[in-house]
Amino acid sequence: MSLAVVCQSMGTSVVVVSALFWLGAACMLALGLRRLKSLADAVPLPNEALPSLTLIAAAKDEADRIEGAVRSFLTQDYPGLRIIVVDDRSVDGTGAILDRIALGAPRLQVIHVHTLPAGWIGKCHALARASAAAKTDWLLFTDGDIELAPDAVRRAVSFALQEKLDHLAVAPDMIVESLGEAVFIGYFLAMFYLSQQPWRAPNPRAKSSIGIGAFNLVRRAAYERSGGHERIRYEMIDDLGLGKILKQSGARQMLALHGGAVRARWQVGVWGLIRGVEKNAFAALRYRVWIALPAVASQFACSLSPVVGLFLPDPTAKIAAVAAWIGAFTVYAVMSRGSRIRPWHALLMPIGGALFSFAILRSIAFAVARRGLVWRGTLYPLEELRRGMLP
């Protein structure tokens, strides 16, 4: 058997595997995502039926976006809402902006963190500080670059109470302002949904759990029972970590779609998105190169082979490539509910896969070279990150 025949056979096999992957993904997401509810389904409760709540956000060097976010927090129509924003060692004027806003906003409390204690991720420490200062029955953890509709908190709490939840995570409306951003975010969302399977989170027998940094609404009793941010003090992916320990401690949780209530500008431009993945990409692969490299190679092959298969001489490869494209279009069509991703973005899925692969490899290379992850100006050593991960 010639080398050309062997290569062709191997190529066909890869395309077939890719087709099975995308068709399987299409079936999984079509069945799973349709089970997700939306905040638009919530029936807003009257003031007297709403529990006490503190909105908590941490911000580090967010001077360009923090004021818009905090102003949206202050417009909430939720009765008795308390707001705590932590300025986590910012050097760009974020703290001064927060102090200025607080002068005219009695329900806003600003906490300034000047030093990071050993053994903590910066954001986890900031959120733990704010949680200790909050005295309410519910806590809402969000980010310093999120914008909320005026009734967002009321709708979310009403939804959580109506569903009898201890933890509600909300998938935000991710703002997309360029085709490049849509290509990257579309592929990222597909991989996120496939890996996390959030529709299974409400099932107490399922291992799946969920957490969204943009919007994690938690019953305080459940938060304390789980151990809170103290338990995930060195967990880089803090939102998923919080969701995991809440689920493990018996909390009933659910992911809901934003329903127009929560907006997020993740990063600006494709390069911003690639840099934004740097913190979590290697962490999601448990900081192990031997796990990360095969995972990157596999997902890159599955994203590229639908194109390659169309040009292979083997009819089986061509049929498999068409099947893979059908699966990819279905995945993107299903994801278009509640997002700015459109089915036709699937045409650029291979580019999204290549960009995502590059982002992961970049994260790995930097972490290995530095022997740690640098995030927001702080170096977290790899060995400590590995020890701090949840099992």
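In case you wondered, yes, glycine gets a Cβ from its N, Cα and C as well.
The range from 174-196, 289-311 that TrEMBL describes as transmembrane segment is residues 289-311. Among the listed stretches 12-33, 289-311, 317-335, the one sharing the most Cβ pairs under 8 Å with the transmembrane segment (347-369) is 289-311. Outside the transmembrane segment (317-335) by six or more residues, the chain places 11-12, 15-16, 18-19, 21-26, 29-30, 33-34, 186, 189-190, 193, 302, 305-310, 341-346, 349 with a CB less than 8 A from a CB of the stretch.
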